[in-house]
Amino acid sequence: MVHGRVSRLSVHDVRFPTSLGGHGSDAMHTDPDYSAAYVVLETDAEDGLKGYGITFTLGRGTEVVVCAVNALAPHVLNKDLGEIVGDFRGFYRQLTSDGQLRWIGPEKGVVHLATAAVLNAVWDLWAKQEGKPLWKLLVDMDPRTLVSCIDFRYITDVLTEEEACEILRQSQVGKKEREEQMLAHGYPAYTTSCAWLGYPDATLKQLCSEALKDGWTRFKVKVGADLQDDIRRCRLVRNMIGPEKTLMMDANQRWDVPEAVEWMTKLAEFKPLWIEEPTSPDDILGHAAISKALAPLGIGVATGEQCHNRVIFKQLLQAKALKFLQIDSCRLGSVNENLSVLLMAKKFEIPVCPHAGGVGLCELVQHLIIFDFISVSASLQDRMCEYVDHLHEHFKYPVLIREAAYMPPKDAGYSTEMKEDSVKRHRYPDGEVWKKLLSAQGN
């Protein structure tokens with residue numbers, strides 16, 4: 001029985017100085033400090049359980065998300081958890097439809113990142129009270145209960161509530177076997193850890209060599225800053241991994257539409273499976289034009305990590321603008337909105353390959369994609385989940401990768417809880433790590 005009245009909501013600005021090592025660097029984000037607005041929900045329940053929620057940021061600006069979380073707090077405080085999850089669609093709409101706050105959205109930007117952090121904490125607490133990892137909580141729900149968590153506003157022209165229920169009902173066949181498959185073998189992953197744009201060749205070679213030894217067969221390279229440098233780096237990686245392994249490329253929104261087509265035509269010799277975020281995440285028709293132009297070269301378009309909401313995904317699918325759909329556990333409105341996108345992707349038969357990495361993104365999105373395989377898509381064809389090998393040591397329940405696959409979490413919750421000492425030391429600007437760095441910069 002889900003219970004307890006929310007008695008406290010706190011939010012922390014947690015930042016890791018990843019820019020010092022070039023980790024996470026790409027053509028648009030050259031010096032990111034991987035960060036998070038970290039939400040903690042407490043209730044008056046005797047079990048003492050807490051819910052932890054995250055939304056991912058790149059350093060500066062995290063304080064703005066923290067402000068937005070605090071602005072949403074009145075919609076959460078003193079609410080009964082059982083009533084929240086009993087009408088989760090209504091609660092989602094309450095958060096996203098505040099008559100004043102929605103003006104700085106609606107359902108996009110900073111206020112939506114804050115919504116994700118709050119809702120992620122609610123889902124974590126719900127799963128903990130049920131004693132299940134989040135993926136299992138979702139898998140065990142009947143179709144009608146799952147669908148009741150989704151706000152279908154603005155997407156009923158593509159997916160109705162009844163259609164969503166029918167998709168889930170049809171996927172009941174073979175669920176038990178697929179769950180056993182996940183528990184035994186895990187969900188296939190690819191690595192982005194080897195080829196950040198800021199890495200020198202020596203680092204790239206070393207990390208690529210280590211990844212091959214560890215059994216990785218799918219690799220992603222950052223591109224978009226300099227064509228000749230991209231050609232050199234892609235040739236280096238392709239030569240190292242060989243012709244049979246899978247290579248993807250990611251431009252992180254660097255190009256205009258004609259530039260994307262021209263650039264990728266020149267990189268086609270390296271046989272990339274996809275080009276990720278070739279242009280503005282808001283340009284649906286631009287993505288469609290790029291997708292059409294690159295199809296004869298065998299290159300698909302992948303996007304989604306900075307798509308604001310389910311409506312953008314709806315239009316990308318309608319316009320046939322992408323071959324691979326990339327959900328993000330913190331950009332959309334938490335599990336609720338991601339459920340709607342997974343179901344739309346199933347209807348359009350587009351594979352979902354989630355965005356991960358960051359602070360806690362791997363920990364969160366593993367639950368969604370494992371659920372997707374068991375209860376929605378029922379397929380691993382052309383599907384894989386991103387993995388980045390850093391910052392997991394700061395989480396109480398870090399991801400487990402075995403033979404280049406995500407192994408299903410067994411601990412109750414959404415895997416969002418960070419270690420207290422890590423939060424304390426990396427809190428900005430008063431944590432020990434930042435006091436030292438800011439002091440050194442001041443000198």
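Note that Cβ sites are derived from N, Cα and C of the backbone, with glycine treated the same way.
Note that the coordinates shown come from a computational prediction; the quantities given were computed from them, not determined experimentally.
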**OP:** Can you match one of Glu63, Glu305, Glu417, Glu420 to the substrate site that Swiss-Prot gives for Gly24, Ser25, Asp26, Tyr34, Lys220, Asn252, Glu276, His355, Ala356, Gly357, Glu386?
**Re:** Glu305
Subject >> Swiss-Prot annotation, Mg(2+) site containing Glu276, Glu305 - matching residue among Asp226, Asp229, Asp230, Asp250 >> reply: Asp250
**OP:** To the nearest whole angstrom, state the Cα distance for the pair Gly24 (substrate binding site) and Asp250 (Mg(2+) binding site).
**Re:** 12
Original post:
Of these binding-site residues, Asp26, Asp250, Glu276, Glu305, which scores lowest on Cβ atoms within 10 Å?
Top reply: Asp26
Original post:
Can you count the other CB atoms that lie within 10 A of the CB of Lys220 (substrate binding site)?
Top reply: 26
Original post:
Which three-state DSSP class does Asp250 (Mg(2+) binding site) fall into?
Top reply: strand
Original post:
Other than Asp250, Glu276, Glu305, which residues of the chain come within 8 Å of the Mg(2+) site, judged by Cβ distance to the Cβ centroid of those residues?
Top reply: Lys220, Ala251, Asn252, Glu277, Ala302, Thr303, Gln326, His355
Original post:
Among the binding-site residues Asp250, Glu276, Glu305, His355, whose Cα is within 10 A of the Cα of Lys222 (active site, proton donor/acceptor)?
Top reply: Asp250, Glu276
Original post:
What is the separation, in Å, between the Cα atoms of Ser148 (phosphoserine) and His355 (substrate binding site)?
Top reply: 25
